[in-house]
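Peer 1: Below you will find the structure I want to go over with you.
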Amino acid sequence: MASTWAIQAHMDQDEPLEVKIEEEKYTTRQDWDLRKNNTHSREVFRQYFRQFCYQETSGPREALSRLRELCHQWLRPETHTKEQILELLVLEQFLTILPEELQAWVQEQHPESGEEVVTVLEDLERELDEPGEQVSAHTGEQEMFLQETVRLRKEGEPSMSLQSMKAQPKYESPELESQQEQVLDVETGNEYGNLKQEVSEEMEPHGNTSSKFENDMSKSARCGETREPEEITEEPSACSREDKQPTCDENGVSLTENSDHTEHQRICPGEESYGCDYCGKTFSQHSHLIEHQRIHTGDRPYKCEECGKAFRGRTVLIRHKIIHTGEKPYKCNECGKAFGRWSALNQHQRLHTGEKHYHCNDCGKAFSQKAGLFHHIKIHTRDKPYQCTHCNKSFSRRSILTQHQGVHTGAKPYECNECGKAFVYNSSLVSHQEIHHKEKCYQCKECGKSFSQSGLIQHQRIHTGEKPYKCDVCEKAFIQRTSLTEHQRIHTGERPYKCDKCGKAFTQRSVLTEHQRIHTGERPYKCDECGNAFRGITSLIQHQRIHTGEKPYQCDECGKAFRQRKKTSYKEILLKNHSEPQAGVNLLLSSLIPEWQSCFRKDL
């Protein structure tokens with residue numbers, strides 16, 4: 001239904017002034033001219049736009065349509081420039097932040113711009129004998145002076161706005177009240193009397209409602225809810241004319257520059273949005289839509305000059321470049337660790353505060369980061385979507401798969417800046433780097449060797465004899481978890497490390513590396529005493545015991561010491577389990593490769 005809004009008002013000296021806006025069609029040329037040219041109708045349309053209630057419409061589409069119509073009738077974009085519309089918005093907000101007493105005074109002057117408001121206020125300050133001090137709340141002499149000044153200034157000027165009439169304070173003095181009504185009759189009687197305006201009971205009487213309360217009335221107030229006017233302080237220093245930042249008229253968001261106002265208004269209701277032709281998603285800014293559409297088109301126009309990686313948005317590229325520059329502007333106040341992103345610092349600080357906002361619904365475990373919860377959930381779902389193409393082993397996280405693939409490819413992307421040693425895993429590099437930092441070195445009290453904190457814990461098990469990691473198949477125990485993992489490959493037959501030269505496979509990467517030196521002839525480990533070189537570090541350590549005389553392996557029976565640990569023969573395995581022959585056989589078979597196991601089991 002195409003409808004417009006007419007204005008009806010009635011002036012009566014014997015009763016308080018009330019205003020009602022009724023919905024009806026423009027039926028006369030006079031009404032149309034009023035809508036186009038009259039500044040008072042613009043003020044009424046502004047009020048109605050601000051006080052519009054969603055419940056007055058049949059649905060969201062009609063509500064949006066009416067809001068647009070009222071906004072057009074108020075701001076008139078067909079006749080006003082962007083600068084003029086912006087000035088109207090700033091003027092409205094400026095009048096809103098003024099104290100109530102000054103609002104009534106200023107609006108009676110009917111200013112057309114913010115500069116006129118400043119001029120009016122400065123004139124008032126000069127007329128009062130207290131420069132720089134704004135009018136205080138309802139003192140008798142100042143009230144009389146202000147009213148007399150209002151009357152003198154308004155005589156002979158054009159008509160007064162509805163907003164001013166409605167906001168006019170009601171005073172106890174009958175004489176002042178009579179003078180005020182006479183002024184209103186002179187200024188508004190001719191113009192508004194011709195419009196056949198009638199009094200409404202829905203709006204507040206002009207003597208009971210302040211201008212500020214009317215300007216700030218929320219839409220919910222017109223739907224039956226009430227809100228108390230804000231308390232007015234005597235020294236509104238926060239409302240300085242020079243320092244006040246512009247704010248959004250819809251939601252009160254502060255804006256740093258006036259130019260931000262127009263751009264921000266697109267987010268507010270009633271403004272046109274930009275929709276994606278592919279998925280229908282809408283955006284408040286055209287630039288955001290263009291960047292979003294690159295998801296569908298695959299366009300990545302922003303390319304990194306360092307590594308050639310391309311991105312859809314400029315901000316993502318700028319964030320990426322921090323990787324190359326090494327810039328880390330965000331520093332933790334607790335431990336001094338720096339980060340390239342503020343979000344990364346925010347997540348890191350939760351380690352110090354102990355905040356864990358993300359909880360698992362299955363087991364209740366909490367995490368400080370959303371990514372941690374996401375990966376943890378896969379434990380319950382047993383989801384392992386990332387599979388290795390070399391050995392078909394599956395993983396729950398892509399990062400773990402990437403690190404695992406380094407086992408097959410031989411890639412060691414994590415290199416120590418101090419000594420150049422490379423590692424497959426980042427955690428291994430972190431542990432290694434602690435060796436170079438003296439303040440993080442931990443010395444063994446038994447033998448004096450230095451380790452990282454985790455390395456010292458594992459090393460001390462050599463002296464204590466603790467072996468917490470036990471094999472479920474043969475019950476053999478180990479000091480380190482990695483040693484247990486490597487040992488279990490004996491039972492499973494898994495040999496993930498394969499030589500490219502001869503095809504021989506191994507259970508441990510270190511053994512493969514040492515084996516490959518047979519083909520290359522490389523002997524990187526050299527003895528400082530005699531110059532002998534070896535392919536593996538263990539061979540060098542065993543050799544150096546010849547020079548040092550160290551014999552760490554001692555016989556439990558006779559106490560004799562040896563430089564090397566004697567390998568247990570198959571016969572000794574059976575003899576150790578002579579009380580349980582079958583257990584000895586099973587243990588012996590478990591040490592064989594799977595092909596041999598199947599052959600021997602057939603004969604048993």
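Each Cβ is built from the backbone N, Cα and C atoms, and glycine gets one as well.
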Peer 1: Of 82-104, 358-380, which span is tagged zinc finger by Swiss-Prot?
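Peer 2: Among 82-104, 358-380, the range Swiss-Prot annotates as zinc finger is 358-380.
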Peer 1: Of 46-67, 134-155, 442-463, which range does Swiss-Prot call zinc finger?
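Peer 2: Feature zinc finger in Swiss-Prot: residues 442-463.
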Peer 1: Do you know the DSSP helix, strand and coil residue counts for the zinc finger (525-547)?
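Peer 2: The breakdown for the zinc finger (525-547) reads 11 helix, 4 strand, 8 coil.
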Peer 1: Could you give the mean pLDDT over the zinc finger (469-491), rounded to a whole number?
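Peer 2: It averages 86.
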